[in-house]
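Student: One structure, pasted below without further comment.
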Amino acid sequence: MWAFHTPQPTQPPSLFNPPPTPPKLPSSSLTLNPSISNSTPNRNQLIQSLCKQGDLKQAFKLLSREPNASQRTYEVLILSCADQNSLSLAQSLHSHISENGFDQDPFLVTKLISMYAALDSLDDARKVFDKTRKRTIFVWNALFRALTLAGFGEEVLGLYRKMNRIGLPSDRFTYTYVLKACVASECMVSLLNKGKEIHAHILRHGLEGYVHIMTTLVDMYARFGCVAHASFVFEKMPVRNVVSWSAMMACYAKNGKPFEALELFREMMIETQDSAPNSVTMVSVLQACAALSALEQGKLVHAYILRRGLDSVLPVISALITMYARCGELELGQRIFDQMEKRDVVSWNSLISSYGLHGYGKKAMQIFQEMIHQGVSPSPITFVSVLGACSHAGLVEEGKKLFDSMLKEHGTHPSVEHYACMVDLLGRANRLEEAAKIIDEMRIEPGAKVWGSLLGSCRIHCNVELAERASHRLFQLEPHSAGNYVLLADIYAEAEMWDDVKRVRKLLETRSLQKVAGRSWIEVRRKMYSFVSVDEPNPQIELIQSLLIKLAAEMKEKGYSPQTKVVLYDLDESEKERILLGHSEKLAVAFGLINTKKGETIRITKNLRLCEDCHSFTKFISKFTNKEILVRDVNRFHHFQNGVCSCGDYW
């Protein structure tokens with residue numbers, strides 16, 4: 001348990017600005033020369049003027065002839081070194097400051113730490129801190145901020161404990177930095193517990209009225225996936241601003257609760273007359289629309305963005321591209337991209353992943369090459385997007401070539417995500433031994449994502465031996481993830497190894513793990529409807545069931561054969577068929593057939609992989625009813641039309 005100290009009042013908070021710095025001392029008290037008349041105010045002013053004009057070298061020449069440089073002059077020079085990204089000049093200036101006895105000035109120390117942080121020279125920032133004899137809270141905060149932004153969260157928390165041991169009280173800004181430090185590196189349970197301790201201290205000292213602290217708390221819990229905790233903090237906030245609302249919306253959107261994100265947006269629009277949503281808010285709202293394939297609501301949000309003039313903000317445009325693509329309107333996403341005057345790597349990534357999601361791997365590769373040709377350097381996410389596109393399209397050799405070029409041509413070291421993509425690429429193509437070999441030769445720890453990709457591929461091709469190997473590691477890495485147990489049980493069931501199916505089910509029961517229920521969403525007349533099973537209340541459920549039974553019977557005469565192997569239970573065929581008709585995507589399809597007009601596309605989102613029977617069933621439905629049906633599962637888009645799926649049965 002940490003020792004905490006009561007915070008002292010400080011300047012007004014800001015989430016985005018650097019920590020406040022101590023007040024400047026009068027220049028006369030900072031000069032080393034006792035005769036103030038020997039200083040040259042005009043030369044100090046000239047140095048500052050040269051810095052503002054960007055002529056840093058000339059400013060340094062004048063500095064060498066100025067024996068009484070002022071604190072303000074040093075501050076302007078420090079800011080200029082950071083602005084011009086010149087580490088060598090920064091170090092020269094630091095030496096000059098030390099030689100003139102200003103290296104213990106708390107104000108300049110905070111500026112030096114921030115300067116070195118901006119120049120990615122944290123070692124120098126640490127040295128400044130270590131050599132400072134009298135460390136004010138401003139000095140500590142400056143280092144906390146620098147280390148947190150660089151991802152050294154655990155180091156910040158260690159220093160924070162040290163600061164508390166020496167009895168220095170925290171201020172409001174200290175809490176925002178140490179809370180951010182909890183999620184600056186890996187989100188581990190131990191760091192979540194530290195975040196909870198800090199939360200308790202904030203409450204004990206009555207700091208819940210400070211909106212910037214509480215908003216940071218919401219964000220911290222969101223990063224750990226603790227949606228209930230984040231929601232509790234948000235609901236208890238006496239004061240909220242647009243940043244608070246945006247943080248809570250982002251929490252819902254990124255943690256699988258898009259319904260709640262959209263509902264909160266509506267609530268914000270009603271309650272906050274004087275605080276309009278900003279670009280960050282709109283990105284979260286668009287992500288929620290994308291998650292639900294809520295095209296009509298997404299269009300309304302797009303119209304609002306245009307009215308507010310936010311359509312020039314790059315993150316908003318990228319989110320729009322993704323939203324339209326994930327709602328099945330790839331052409332609209334492409335049109336928005338084509339109209340962009342300026343594009344960053346995120347915009348390109350959005351377009352590449354959009355084509356990959358729809359199974360257009362070659363087009364995604366083509367866009368990637370165009371991006372390189374235009375001089376945009378790919379990010380690690382770019383390679384994840386392109387490799388994912390290759391995987392969905394079965395472009396194995398192209399994907400392998402791209403993976404090999406990452407380090408050689410682009411200087412990007414493959415991460416766990418990239419290896420997971422490669423395992424998925426090879427696994428889907430039934431090259432499971434190659435996929436296993438890649439894992440064996442990895443220079444970094446494979447982790448759950450890589451083993452999960454292998455297990456998923458084993459499910460597609462019913463490879464029991466490799467599935468057991470992958471699941472053994474996954475049970476160690478993710479002991480509370482029911483999905484891994486379910487996948488292994490699926491594989492055993494397909495191999496008709498019923499004793500092993502029972503054994504895995506028993507493990508699920510003894511560990512009190514629950515399978516994630518299959519859920520499907522459909523938008524009809526700008527309203528979202530959700531389906532889980534036939535037992536869920538729905539005023540049209542009897543009509544839906546009778547329609548499904550009628551369609552199944554008629555389609556059997558046309559060649560449809562239920563894929564009863566996907567039912568894990570050892571039951572007779574008629575009972576398995578009854579269970580299959582209760583799958584959430586079939587319920588959503590039937591609801592769409594009942595409630596949409598002739599020629600209107602049915603759009604459905606599924607939270608899990610589309611099962612083989614639902615895939616076959618929907619192909620028949622699209623031909624039998626002459627309906628265009630779009631289904632986005634957890635992996636990709638399926639565009640059903642006239643009895644054919646865009647995935648080519650490769651998913």
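Glycine is no exception: its Cβ is also placed from the backbone N, Cα and C atoms.
Sharing the feature lines straight out of TrEMBL:
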| type | residues | note |
| --- | --- | --- |
| COMPBIAS | 9-25 | compositional bias 'Pro residues' |
| COMPBIAS | 26-40 | compositional bias 'Low complexity' |
| REGION | 1-42 | region 'Disordered' |
| REPEAT | 136-170 | repeat 'PPR' |
| REPEAT | 241-271 | repeat 'PPR' |
| REPEAT | 344-378 | repeat 'PPR' |
| REPEAT | 379-414 | repeat 'PPR' |
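Each of the listed features needs to be described in terms of its position in the shown structure.
Tutor: In the repeat 'PPR' (241-271), helix, strand and coil residues by DSSP number 27 helix, 0 strand, 4 coil.
Panel annotation: around the repeat 'PPR' (344-378), residues 314-315, 317-319, 321-322, 325-326, 330, 333-334, 337, 385-386, 388-395, 398, 402, 410, 412, 632, 636-637, 639, 646-648 of the same chain, lying at least six beyond its termini, place a Cβ under 8 Å from a Cβ of the stretch.
Nonlocal intrachain contacts for the repeat 'PPR' (379-414), taken as residues 6+ away from its ends with a CB within less than 8 angstroms of a stretch CB, comprise 345-346, 348-349, 352-353, 355-357, 359-362, 364-365, 368, 371, 421-422, 424-426, 428-429, 431, 635-636, 647, 650-651.
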Student: What mean pLDDT score does the repeat 'PPR' (136-170) have in the model?
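Tutor: Taking every residue of the repeat 'PPR' (136-170) together, the mean pLDDT is 94.
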Student: Taking residues 6+ outside the repeat 'PPR' (241-271), which of them lie with a CB under 8 Å of any CB in it?
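Tutor: Distant contacts of the repeat 'PPR' (241-271): 15, 211-212, 214-215, 218-219, 221-222, 225, 227, 230-231, 234, 277-278, 280-281, 283-285, 287-289, 291-292, 294, 297, 528, 530, 607.
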Student: Which residue counts does DSSP give the repeat 'PPR' (379-414) for helix, strand and coil?
Tutor: 29 helix, 0 strand, 7 coil
